Amino acid sequence: MTSDTDHLTIYGTNGTRQAAQHPATGYTEFPRSQQEREAPSAVVHMKVYKKRWYILAMFSLVTFMQSEQVNSWTVIDESAEVAFGWTKQQISLMQIWIYSTFIVSLFPFLWLMDKIGLRVPVLLCAGLSMTGALLRCLSDQPPYVTWFANAAHIAIGLGGPVAFTVGPVLSSLWFPPNQRATATAVAMISGFGGAAGCFALGPSVVEQPKLNMTMSHKLICVIFLDIDAIKREIMYVRYGECLFTALIFVAILTYFPAKPKLPPSISASLEKLHFRQSLKRLIGRGSGNFWLVCLPYTISTSIYGIWSALFNINLKSLGVSEKEAGWLGFWAVTVGCLAAIIIGRIADVLVGHMKMMVLLLITGNVLSTLVFLLIANGFIPATTWILYTTCIVQGFFLNGAIPLYFELAMESTYPITETMTSGIMNLTYNIIPLFFVLVFLIPNVGLGWMNWVMFGSVVASFPMMLVFKEHYNRLNVDQHTEVQSADTKNPSVQEREPLLSSESS
């Protein structure tokens, strides 16, 4: 590998100049001249650190709590409406804050991550999450509880770009090629783990309101006592969230480096396209292949995020209680999280088969969503075991594909920065459900359309993914690149393996 002031050259195993990286143009292939064969070369030192697992764990906790707080009102909406006098439109407005503030802060955070690394952005995200949790603890009395709840969602939403964008970036910075998909899976799915925890925690701790229309004086007193109990239970959850986010913030503040001192792979050591160049590549002409993997992910997954968070509303007509709907969502998302990690690991082992795996997962998702649609419309009995089986299988197929979508996007767009690719995918993810939530602001809009939109989103994903062209640009750099020895007197070519230090802290 030869470097000078304005470009970096990679030599292939056959002795030809495989590619050159230039700040303005990216990578192009061309033959190696005799003069270049005699040029001095440099060694790329690489190291895989054991502490990468700690870094991944801490970031995953940030993402977990971010997602838990985003969904914390929707899973107990009936209880919140009774306790604070809210309407479904007010709860939908809080969700709109999450998505709109994400869009506002996305590009500033992407620029910051490109410039200074991950430490400051992740610390800011953890701080905003803690601030949002603290605001929710300040009052349980109207109208202050409403004001603080909206302010909290604004703070939480502003940190969203870091929580949901950094995963693929972190895996590229800290993990070797044979662990990247697994690391991406853990980081991305931790957000869905937060949603699963929310499904279990909220309805289990907060009592579902039991109202009776009998107007006796004694019963009215019972109703008011029930409201006070619901308020206390909601605040217990909020205090727990505040404590947990504070502990995470302190841990991140104590230790979370911007990046490792030495890269874990050849591709991580190379300078990628700059911020503006990356953005132009992704939204300009010739970016069609990227959108063929971006849209299947964003359309199906973002709509599922809203749709599953409203299980308690969607399944109410089938006689499913708020608590039962919470556990249904919990197991669907939990199994999906485990599926994503397992499938991510399989993708690391079976290199080069991600597209086929995604197509199989989409097919399973289409079939399971169709079964749910038939249940919701009365064509299949809504028994407990059928509902659980259908929702869990659906969560398995949909969430299992998430890390593969991201890894395919990173591979096909390289040398565009992982920060920009992940950021654009998450921007689209947050724009689509914004329209979904806006529909709930329409009075008496009904609920039947929700299941059809969910089904249509997964069906639309298949043809786009089918025509997507599978490229492994980043992996090819890591697997097929050798580097020259720094000893110019003996310029023998060395494999990159000996330059990879053994694991250390």
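Glycine too: its Cβ is placed from the backbone N, Cα and C atoms.
Some features that TrEMBL has for this protein:
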type     : residues : note
TRANSMEM : 53-76    : transmembrane segment
TRANSMEM : 96-113   : transmembrane segment
TRANSMEM : 120-139  : transmembrane segment
TRANSMEM : 151-175  : transmembrane segment
TRANSMEM : 182-206  : transmembrane segment
TRANSMEM : 236-256  : transmembrane segment
TRANSMEM : 290-313  : transmembrane segment
TRANSMEM : 325-346  : transmembrane segment
TRANSMEM : 358-379  : transmembrane segment
TRANSMEM : 385-406  : transmembrane segment
TRANSMEM : 427-443  : transmembrane segment
TRANSMEM : 449-468  : transmembrane segment
REGION   : 483-505  : region 'Disordered'
COMPBIAS : 483-493  : compositional bias 'Polar residues'
* To do: Count the CB pairs under 8 A between the transmembrane segment (53-76) and each of 120-139, 182-206, 236-256, 358-379, then give me the winner.
  => 182-206
* Segment-segment contact (the transmembrane segment (236-256); the transmembrane segment (290-313)) at 3 or more Cβ pairs under 8 Å -> no
* **Cβ contacts under 8 Å made by the transmembrane segment (385-406) with residues that lie 6+ beyond its boundaries** => 167-168, 181-182, 184-185, 188-189, 192, 293-294, 296-297, 300-301, 304, 308, 311, 315, 318, 320, 328-329, 331-337, 339-340, 342-344, 347, 354, 357-358, 361-362, 364-365, 368-369, 371-372, 375, 422, 425, 458
* Structure fact -> Across 96-113, 120-139, 151-175, 325-346, 449-468, the most C-beta pairs under 8 Å with the transmembrane segment (290-313) come from 449-468
* Relative to the transmembrane segment (96-113), which of 151-175, 358-379, 449-468 accounts for the most Cβ pairs at distances under 8 Å? -> 151-175
